[in-house]
């Protein structure tokens, strides 16, 4: 995020957190929409065995859009510009952030596969894993959501705070609805959270990479 080096560190951290939170919500929404479209197309063609191969590409496009498109959109929504040199440094950070997220969630799922479950997973599903992921998500989004509500109450801003809250409400409704319905769809939150955290880490990685790689050199 070029042009923010002179801001107080607390302001930079707050802004970075807000961008990451919006990237999280946008990525989760994009991924959910893409998988819903893919599922609808597969159903329309009579199931996986009879659906054309190109329907698999819809899911892949959703993943790419969530991983790269959502962080970029969140960045732009917060008024940051992307120039060529910024983009190169940002891409390094995006890749680093995504790899780190994959490693963290891969480690989390591996850990839970080795730990005796608190509940019968064949009957209740991975409810213990879901609880941990839910807690991490609430902790991560708590302050950005609070700032969005405060911004609306004060009348300072409407666009980004409204979008943040609308996405949050929609995603929570989908996750809660999936839990009520049950079945395999009840695990939708376990897919949305890693996608969202990946996009959030991508924005943080891009910001850190830009500040590190594009830092002005001191005069000789």
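Glycine is no exception: its Cβ is also placed from the backbone N, Cα and C atoms.
Taken from TrEMBL, the feature transmembrane segment covers 23-45 (among others).
Among the features that TrEMBL reports, transmembrane segment is placed at 57-75 (among others).
Nonlocal intrachain contacts for the transmembrane segment (87-112), taken as residues 6+ away from its ends with a CB within less than 8 angstroms of a stretch CB, comprise 67-68, 71, 126, 128-129, 132-133, 194, 197-198, 200-210, 212-214. The annotation transmembrane segment is assigned in TrEMBL to 87-112 (among others).
Marked as transmembrane segment by TrEMBL: 124-142 (among others). Sequence-remote contacts of a segment are chain residues at least 6 beyond its ends whose Cβ falls under 8 Å from one of its Cβ atoms, and for the transmembrane segment (124-142) they are 21, 24-25, 108-109, 112, 117-118, 168, 186-187, 189-190, 193-194, 196-197, 200.
Through the fold, the transmembrane segment (162-182) approaches residues 21-22, 25-26, 28-29, 32, 77, 141, 144-145, 148-149, 152, 188-189, 192 of its own chain, all at least 6 residues removed from its boundaries and within a Cβ separation under 8 Å. Feature annotation from TrEMBL assigns transmembrane segment to 162-182 (among others).
Same-chain residues lying 6 or more positions outside the transmembrane segment (188-209) and placing a CB less than 8 Å from one of its CB atoms are 1, 16, 19-21, 23-28, 31-32, 35, 63, 66-68, 70-71, 74-75, 89-98, 100-102, 104-105, 126, 129-130, 133-134, 136-137, 140, 171, 174-175, 178-179. Residues or ranges marked as transmembrane segment by TrEMBL: 188-209 (among others).
Listed by sequence, the residues of this chain that lie at least six past the ends of the transmembrane segment (23-45) yet keep a Cβ under 8 A from its Cβ atoms are 51-52, 55-56, 58-59, 61-63, 65-67, 69-71, 73-75, 140-141, 164, 167-168, 170-171, 174, 188, 191-193, 195-200, 202-203.
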